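Q: The substrate binding site feature in Swiss-Prot is assigned to Asp18, Lys40, 67-76, Thr127, Arg188, Gln197, 217-218; the stated evidence is sequence analysis. Look at Swiss-Prot and you will find Lys69 tagged as active site, proton donor, backed by sequence analysis.
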Amino acid sequence: MTYDVLSAIASPIIVALDYTNISKALAFVDLISPLYCRLKIGKIMFTRFGPELIIKLQQRGFDIFLDLKYHDIPNTVAGAVSAAADLGVWMISLHAIGGEKMMAAACNALSNFGLGVPKLIAVTVLTSLSDEDLQIIGIPSTASDFAIRLAILAKNCGLDGVVCSAQEAEHIKNICGHHFTIVTPGIRLATDELGDQCRIMTVHQAQQAGVNYMVIGRPITQATKPNCRLVEILNSLKITANSVALSSN
């Protein structure tokens, strides 16, 4: 079977890796192409395997979203962001709720990195949190309204974009501008189960909402032929910047 595919830069898919064994992680990664996605490394894998994992993935040609969601005093976050940039990652996350000074310090820490500077994005409200969850921790706002407020703060601090639910993406784009990057987790295919996230959308809904990057985990990592699944998703989104015949087998 052949598919029309795209250039590496055009893909909106970020595959979330979630493995406790580095050999299994690399075995999966060797089944997919960096032409079709980037990779997200979170707290569990980075804590287990450290920078060595990042290097191994970069050697295979993948751009890395280092999703450690930094949240600390400004100097500490600035130092952590600088250290992450030294690893050559493509994108770094921090928590917007850390506040204006923290986010400004993080931006300033990247000011001397030149053309290879990573994208710096702020997590707004975790997609696992509902309005009721926010009320319980003392935030008298809906998840959507709070996410929008944090996105505006992040933009004003100079960040490149935010991580948010697809439900807020369109509104945030309208307020913060077309060039403000939206990264959305909790993206599922139409036939998938919800998993542990309660504010989700399908890939097509996310595309229509203006999401720039869609974080997808188990629908790809648990697929029998993950590379074919990637191409199927990209074709369904009609992302064919460069038409190249890919033979899937």
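Each residue's number is its place along the chain shown, starting with 1.
Note: Cβ is positioned from N, Cα and C throughout, glycine not excepted.
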Q: Just jot down the residues in the same chain as Lys69 (active site, proton donor), at least 6 apart in sequence, with C-beta under 8 A of its C-beta; none if empty.
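A: Counting only residues 6 or more apart in sequence, the Cβ neighbours of Lys69 (active site, proton donor) under 8 Å are Lys43, Ser93, Leu94, His95, Val123.
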Q: Just jot down the residues in the same chain as Gly217 (substrate binding site), at least 6 apart in sequence, with C-beta under 8 A of its C-beta; none if empty.
A: Val15, Ala16, Leu17, Asp18
Q: For Asp18 (substrate binding site), which DSSP three-state class applies?
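A: Assignment for Asp18 (substrate binding site) reads coil.
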Q: May I ask which residues of the same chain, at least 6 positions away in sequence, place their Cβ under 8 angstroms from the Cβ of Pro74 (substrate binding site)?
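A: Looking at Cβ-Cβ distances below 8 Å from Pro74 (substrate binding site), excluding near sequence neighbours, one finds Lys101, Met102, Ala104, Ala105, Ala106.
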Q: Let me know the most crowded of the binding-site residues, choosing from Asp18, Leu68, His71, Thr127 and counting other Cβ atoms within 10 Å.
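A: Result for the most crowded candidate: Thr127.
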Q: Give the helix, strand or coil assignment DSSP yields for Thr127 (substrate binding site).
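A: Coil, per DSSP.
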